[in-house]
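A.B. asks: According to Swiss-Prot:
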| type | residues | note |
| --- | --- | --- |
| ACT_SITE | Cys47 | active site, nucleophile |
| BINDING | Thr46, Cys47, Asn48, Arg49, Ser97, Asp102, His103, Glu104, Gln108 | substrate binding site |
| BINDING | Gly178, Ala179, Gly180, Met181, Ala182, Ala183 | NADP(+) binding site |
| SITE | His87 | site 'Important for activity' |
Amino acid sequence: MIDRLAMIGVNVKTASREHVARLEKEWEKHLDTIGYASRGTVIIATCNRFEVYLDSPSRLVEDLASSIASPGGEGLVRLQGIDAARHLFRVASGLESQIIGDHEVLGQVRRAWLKSREKGFTTPLLDEVFHRALKTGARVRSESAISSGGVGYSSAAVSLAASLLGGGLDGARVGIVGAGMAAVGIARALCTRWRPRVVAVFNRTPERGWEVAGKCRGVESLVLPLDELAKLINELDALFVAIAGSTNILERGRVERGVSPRVIVDISNPPVTPKVAGRVFHMPEVEEEAKRMMEERLRWIPAAEAIIEEELEALLDALSRRRARESSRSVMRALSILAEREYERTLAGLRNGVDPREAVELALNSYTKKVGGALRRLLEEASDRGQLSLEDIEAILVSEFARIAENSGFKNGSTG
């Protein structure tokens, strides 16, 4: 059953970002075009990848899916069966992301699957595969540290300060200078991982400062003009700086003489604080921390891959059980038709005066011989071939029962 699964796609490693972005922009159009022509389709479309997952692709569907290749047909990735499933599980687990352990991709996989289900484009095979992929992605994140923390400079700045303070940032008095994306990232990383006592945001325009403070819900927050920093700096345990400009906002002597803040991390480019050993840290130290955090994630790749292989085995078991149930239903339908024919023959015999007991015995004997004949043919095939797949067994039994049922006529009231 897994052999029916296929993936055709491109990503930023095999095609240009511009090409992937164009495909992402029109992904719903591609989903409708391929979805209505195929047995089953799910398309994962992000800024990094455009991948079409198919159940039993036909030549037409393959041609449609191949249209996503870059000009010249380059960059197209094709995977089949268990390889396609393994790739999807790696995507959901964040192992194929630009940033290993990426959090967002799991939600992107979920939304892609749900969109196809909403349009009626999924099949039991695709539903099982995507359900297992989401479970795998969740397991990898909960049973490993591959997604712990962030790996951007904002997250690295927070991680560096927490390690330098020794006990982390719970209960700390924290200042953030700036209101741009980097400052927002610092606030998000800070209040996602830690629970500071108070967060004070200093900015030239306090209105924008509330965008930063808003990332620390449930924490006492202050937004103050930048010129208030000099008055309050000694009350802070840690200070983060992320602003544009080249003018120092703190005097070296003040930093060297002061007891607080114990740690200042400045990710501004260029830095706007004086470098003071052991107290003030700039981008080189933050870059080292980001590198360390990424290396920590990379250490968890073998554990993540082991989980993926476990879940692939579970997927194959689930698909095997599903296929067995489908085969069982198919064989039972064929048996029901055969039983119905015997029932009709028995009724005809009774109407023609056959003794009821004799009619039942004849019907049972006839049914047993016919089922036994089908089983005998199955055993002969197994002996000749040496091994039969589930599909072979189903095909032999269903075709044999259908042939017997077709030939089960009756003459002159005979039930034999």
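In case you wondered, yes, glycine gets a Cβ from its N, Cα and C as well.
These figures come from a predicted structure and were not determined experimentally.
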A.B. asks: To the nearest whole angstrom, state the Cα distance for the pair Gln108 (substrate binding site) and the residue listed as 'active site, nucleophile'.
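C.D. replies: Computed Cα spacing between Gln108 (substrate binding site) and the residue listed as 'active site, nucleophile' is 11 Å.
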A.B. asks: Would you list, in sequence order, the residues of this chain other than Thr46, Cys47, Asn48, Arg49, Ser97, Asp102, His103, Glu104, Gln108 that have their CB within 8 A of the centroid of the site's CB atoms, where the site is the one recorded for substrate?
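C.D. replies: For the substrate site the neighbour list reads Gln98, Val105.
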A.B. asks: Please report how many Å separate the Cα atom of Met181 (NADP(+) binding site) from that of His103 (substrate binding site), as a whole number.
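C.D. replies: A Cα-Cα distance of 19 Å.
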A.B. asks: Identify all same-chain residues not among Gly178, Ala179, Gly180, Met181, Ala182, Ala183 whose C-beta atom falls within 8 angstroms of the centroid of the NADP(+) site's C-beta atoms; report them in sequence order.
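C.D. replies: Residues close to the NADP(+) site, other than Gly178, Ala179, Gly180, Met181, Ala182, Ala183: Val184, Gly185, Ile186, Val212, Ala242, Ile243.
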A.B. asks: Within 10 Å of each Cβ, count the other Cβ atoms and name the one among the recorded positions His87, His103 with the highest count.
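C.D. replies: When each Cβ's neighbours within 10 Å are tallied, His87 tops the list.
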A.B. asks: Where among the recorded positions Cys47, Ala183 do you find the Cβ with the fewest other Cβ atoms within 10 Å?
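C.D. replies: Fewest other Cβ atoms within 10 Å, among the recorded positions Cys47, Ala183, is found for Cys47.
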A.B. asks: Closest of the recorded positions to Ser97 (substrate binding site), Cα to Cα, picking from Cys47, Gly178, Ala179, Gly180?
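C.D. replies: Checked the recorded positions Cys47, Gly178, Ala179, Gly180; minimum Cα distance to Ser97 (substrate binding site) goes to Cys47.
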A.B. asks: Given Ala179 (NADP(+) binding site) and Cys47 (active site, nucleophile), what distance in Å do their CA atoms have, once rounded to a whole number?
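C.D. replies: The Cα atom of Ala179 (NADP(+) binding site) is 26 Å away from the Cα atom of Cys47 (active site, nucleophile).
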A.B. asks: What is the interatomic distance between the Cα atoms of Ala182 (NADP(+) binding site) and His103 (substrate binding site), given in whole Å?
C.D. replies: 19
A.B. asks: Out of Thr46, Asn48, His87, His103, point to the one nearest Gly178 (NADP(+) binding site) in space (Cα versus Cα); all of them are recorded positions in the record.
C.D. replies: His103
A.B. asks: For Met181 (NADP(+) binding site), what is the tally of other C-beta atoms lying within 10 angstroms of its C-beta?
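C.D. replies: Around Met181 (NADP(+) binding site), other Cβ atoms within 10 Å: 12.
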A.B. asks: Return the maximum Cα to Cα distance in Å (whole number) over the record's substrate-binding residues: Thr46, Cys47, Asn48, Arg49, Ser97, Asp102, His103, Glu104, Gln108.
C.D. replies: 15
